[in-house]
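**Student:** The region 'PRANC/F-box-like' feature in Swiss-Prot is assigned to 586-666. The feature repeat 'ANK 1' is assigned by Swiss-Prot to 31-64. Summarising the annotation, Swiss-Prot assigns repeat 'ANK 2' to 101-131. Residues or ranges marked as repeat 'ANK 3' by Swiss-Prot: 135-166. For 199-231, the entry in Swiss-Prot reads repeat 'ANK 4'. What Swiss-Prot lists as repeat 'ANK 5' is 235-266. Sequence annotations record features per position, and here Swiss-Prot assigns repeat 'ANK 6' to 277-311. The repeat 'ANK 7' feature in Swiss-Prot is assigned to 334-368. Residues annotated as repeat 'ANK 8' in Swiss-Prot: 458-487. The repeat 'ANK 9' feature in Swiss-Prot is assigned to 491-521.
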Amino acid sequence: MFDYLENEEVALDELKQMLRDRDPNDTRNQFKNNALHAYLFNEHCNNVEVVKLLLDSGTNPLHKNWRQLTPLGEYTNSRHGKVNKDIAMVLLEATGYSNINDFNIFTYMKSKNVDIDLIKVLVEHGFDFSVKCEKHHSVIENYVMTDDPVPEIIDLFIENGCSVIYEDEDDEYGYAYEEYHSQNDDYQPRNCGTVLHLYIISHLYSESDSRSCVNPEVVKCLINHGINPSSIDKNYCTALQYYIKSSHIDIDIVKLLMKGIDNTAYSYIDDLTCCTRGIMADYLNSDYRYNKDVDLDLVKLFLENGKPHGIMCSIVPLWRNDKETISLILKTMNSDVLQHILIEYITFSDIDISLVEYMLEYGAVVNKEAIHGYFKNINIDSYTMKYLLKKEGGDAVNHLDDGEIPIGHLCKSNYGRYNFYTDTYRQGFRDMSYACPILSTINICLPYLKDINMIDKRGETLLHKAVRYNKQSLVSLLLESGSDVNIRSNNGYTCIAIAINESRNIELLNMLLCHKPTLDCVIDSLREISNIVDNAYAIKQCIRYAMIIDDCISSKIPESISKHYNDYIDICNQELNEMKKIIVGGNTMFSLIFTDHGAKIIHRYANNPELRAYYESKQNKIYVEVYDIISNAIVKHNKIHKNIESVDDNTYISNLPYTIKYKIFEQQ
């Protein structure tokens, strides 16, 4: 009988005959099934009268087989494509609905004939809708993933214990935190986001006639029950970001899914692919879009609700591979939006001039804001800078950017990857090749700068910034271009004080001292030195320079410094006084060494006994550079003398007096 019930088309008369001498509750078979189990496992069980007959014959509707399933559980767990409502009702009524939670709601939802009246019966008799399936999805989550969920049934589920608002819905993620801490070690955190995410993702593509695409009524239903469309899943995606991958996109559904999203052009970098992602970015990227062609009406909707930075980030990565689409999008923008996008592009992206040209063609302009933005771009290059300045006219470099000198942004530490400090400079020569991109860019800007000593809101010049950020080649360029070493900032800081206190760079300090700051500037700098012990070498450099200007400076030096460096000051005085006493050809040794005029004529006295004696004594301990200056003068003199002697006797120069010939060759 059991084989007959399980495998054949059951006839009532034949079954009645079998039941006369067979026990329907005989469960000695290997599966511990009773007669109801056997019939309800039959793929052809569609006759409610058979079920009634078995029940009338005393078959126990609450007996559990080897799988711990009652007949109702076996019926709703089996391979049936459809669950017969009448059979389910008979099994429920036979137990007074005590077996109601044996009903497998998850299997039933996958059947092709979900009956709202049967769902209402389950609701009415206390079915536990908080139950979850093996994959830890709730009833409502499973239902929205079925082929064609019905809003009315969704309402029933939600109104009777199926929550769509997770306990952590207020945070940025739409998935339940508690589920990540299941005691089941095999359980993996789900990645599904909200119920709305699940519904959208499971209905992106119409795989068969029976499976519908996304239904706007279902979307409205879920949103009306409190699901926030702006919630994101673990991949940082909203439901809309998935929906735009759909094979059929309804713009009205897009508008529904946009609720709560204040920027449809927001973007982010995907950790796995390193691609720019986001709603608009994904839609424009053919790798994520189902349809080949872009719907411009949809793009316009995203543009209207997107912010310039996100729009820029969404279109720029696709420019090289899809110029046609991007240019079409640029063409649809109004000039104000396009102008904002141009400024964002110039400020934050690696510039492609061909894209800039398209933006200009469609109404954007390279203005002061655009130039100021480019100075903040960490991907700056001299070629693009030259192009932009030519387009704008170059006047933007002369206007402060929110109180800051525009070019000054290039001095900051975020450009530290570029080598301002070159080997050429280490060897004692100024780096004038401008191989560094930032240095080259500044060199391009300088001709447009009307006042190289323009000050920012703090009273600082470009030179202050270059010194502060330890940009030696840039300091050299600015000094060569006329930057004033003596300018004090609003707080009284000089470039010299910054070099000592902040940069702690002796080479920078020596560069500044070589450009002859005033005595007041040096004294003010000494007053600003914060640590007179650790900065001993720098302080001595300032003292030795200041005493060349005024040997009575000791009374002007801050008392704390003069006391600490009194012996050093005395030695400086001794060496300078000695140079002032030595007369060489009507000039003091001091004037030949430390004045501009002396530097031009010292080589003429290379053979002077007083100069030679002083040179050979090597007595200085502080002003030792004097000997290098004299040595260079002797070399120059010998070269001039050699050139004079090599003159052909048959030339007119050979007949000139030696002093005249000397003056001629010293100009070479």
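Using the three backbone atoms N, Cα and C, a Cβ is placed for every residue, glycine included.
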**Student:** When each of 135-166, 277-311, 334-368 is checked against the repeat 'ANK 4' (199-231) for Cβ pairs under 8 Å, which one has the most?
**Tutor:** 135-166
**Student:** Residues sitting near the repeat 'ANK 7' (334-368): Cβ under 8 Å, six or more positions beyond its termini, same chain?
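**Tutor:** Those are 303, 308-309, 311-313, 315-316, 319-320, 326-327, 374, 376-377, 379, 381, 384, 387-388, 391-392, 395-396, 399, in sequence order.
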**Student:** Take the repeat 'ANK 5' (235-266) and find every residue of the same chain, 6 or more past its ends, with a Cβ under 8 Å from one of its Cβ atoms.
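**Tutor:** Contacts with the repeat 'ANK 5' (235-266): 191, 193-194, 196-197, 199-201, 203-206, 213-214, 216, 219-220, 223, 228-229, 277-283, 288-291, 295, 297-298, 301-303, 305-307, 310-311, 313-314.
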**Student:** If we skip the immediate neighbours and take only residues 6+ beyond the ends of the repeat 'ANK 6' (277-311), which ones have a Cβ under 8 Å from one of its Cβ atoms?
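**Tutor:** Answer is 204-205, 236-238, 240-241, 244-247, 249, 251, 254-255, 258, 261-270, 317-318, 322, 325-326, 328-329, 332-333, 337, 340-341, 343-344, 348.
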**Student:** I'd like to know the mean pLDDT over the region 'PRANC/F-box-like' (586-666).
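**Tutor:** PLDDT averaged over the stretch: 90.
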**Student:** What is the three-state DSSP composition of the repeat 'ANK 6' (277-311), stated as helix, strand and coil residue counts?
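**Tutor:** Its residues fall into 19 helix, 1 strand, 15 coil.
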**Student:** Helix, strand, coil residue numbers for the repeat 'ANK 9' (491-521) per DSSP?
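**Tutor:** Tallied per class, the repeat 'ANK 9' (491-521) gives 21 helix, 0 strand, 10 coil.
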